[in-house]
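Quick notes on the structure that follows.
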Amino acid sequence: MTPILFIDRDGTLIEEPSDFQIDAYEKLRFVPQVIPALLKLRDAGYQFVIVTNQDGLGSDSYPRASFDGPNELMLQIFESQGITFRDVLIDCSWPQDNAPTRKPGIGLMTAYLQDRSIDWARSGMVGDRITDLQFADNLNIRGFQLRTAQFGGQWDWPGIAHALADAPRTAVVQRDTKETKIRVELDLDRAADAHISTGLPFFDHMLEQIGKHGGFALDIQAEGDLHIDEHHTIEDTGLALGQALREALGDKRGIGRYGFTLPMDETLASAALDFSGRPYFVFEGEFKRERVGDMPTELVPHFFRSLCDASGLNLNLQVRGDNDHHKVEACFKALARALRPALARQGTALPSTKGAL
């Protein structure tokens, strides 16, 4: 899905003159830092749509010919710098007309509201007036009021680009079934002590390894039917954690994608993974004991398979050694250490020739 940044024109892309009409070439001046900000957002996957009110455009007081020349030059300059606009939507009514197509109305948005390829959760609106923020509210998207001497506001273009392109990768997943109630919170861009409670102390310790050695904040709270057995709790925790990883990663733009071999005394574990969007799990290893602590060893590969299914992860996990405790822990640590480079931001490009992950 593609996020859209809807952008006001006068006062947002180009400076607004005292008479509020850019009807001559000499009035054309760009707002500071707009071009580098739009380039950053373009590289983060955004498309741009201009939405502008032009009072009485086409009337004797504001002839269309006076508007078209400067507007075309503006678009040409943006295009010369690598910035193109998906659409330019213009309302030509007067304020007193109360036209539904005039911002903050969303009458010009009909086609976009029907477009299921738009990522509305990441989309936004940038403008210099309160009506632009109201327009954003009407679309249920995030609004940014650009700071200007005329209308106030608190944002500049670098700040807007940072807020959208470098947005924190967080997720909260609540998974409730008849057998379990599980809540997972994570922040891929913040290191913090993991907080884990599943009712299975050894499983808690293993999950802590994922947050600690993966380098991200992780909180898992699980209640399950442990009076029956551990299966549902371990399986559903894997599914909830996988779903949270998928949600936090978004379109995966900028991630390392791939990623570890980890020794632990006599044990060696190897985790090779790919956030390909095609879940697949291969496990090579054997456990001699039926349980390690309160965790059945047969559920160790089952947890990882559940994680892969929910996150869209391709994981090949191998482990060999003599001590089953070491082998189980090495599996979790190897996954975590493989996650660290795979989740790390390494720019803005999508690591795929297909254009999607």
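Note that Cβ sites are derived from N, Cα and C of the backbone, with glycine treated the same way.
Now, the feature entries from Swiss-Prot:
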- ASP8: active site, nucleophile (ACT_SITE)
- ASP10: active site, proton donor (ACT_SITE)
- ASP8, ASP10, ASP128: Mg(2+) binding site (BINDING)
- 1-168: region 'Histidinol-phosphatase' (REGION)
- 169-357: region 'Imidazoleglycerol-phosphate dehydratase' (REGION)
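Neighbouring residues of the recorded Mg(2+) site, listed in sequence order and excluding ASP8, ASP10, ASP128, comprise ARG9, GLY11, THR12, LEU13, GLU16, THR52, GLY127, ARG129, ASP132, LEU146 (Cβ within 8 Å of the Cβ centroid).
Recorded residues ASP128 (Mg(2+) binding site) and ASP8 (active site, nucleophile) have their alpha carbons 7 Å apart, per Cα-Cα distance.
Sequence-distant neighbours of ASP8 (active site, nucleophile) (same chain, 6+ residues apart, CB-CB distance under 8 A): ILE50, VAL51, THR52, LYS103, MET125, VAL126, GLY127, ASP128, ARG129, ASP132.
Within the model, the region 'Imidazoleglycerol-phosphate dehydratase' (169-357) shows a mean pLDDT value of 90, rounded to a whole number.
DSSP gives ASP10 (active site, proton donor) a strand state.
Once Cβ contacts within 10 Å are tallied over all protein chains shown, the recorded positions ASP10, ASP128 are led by ASP128.
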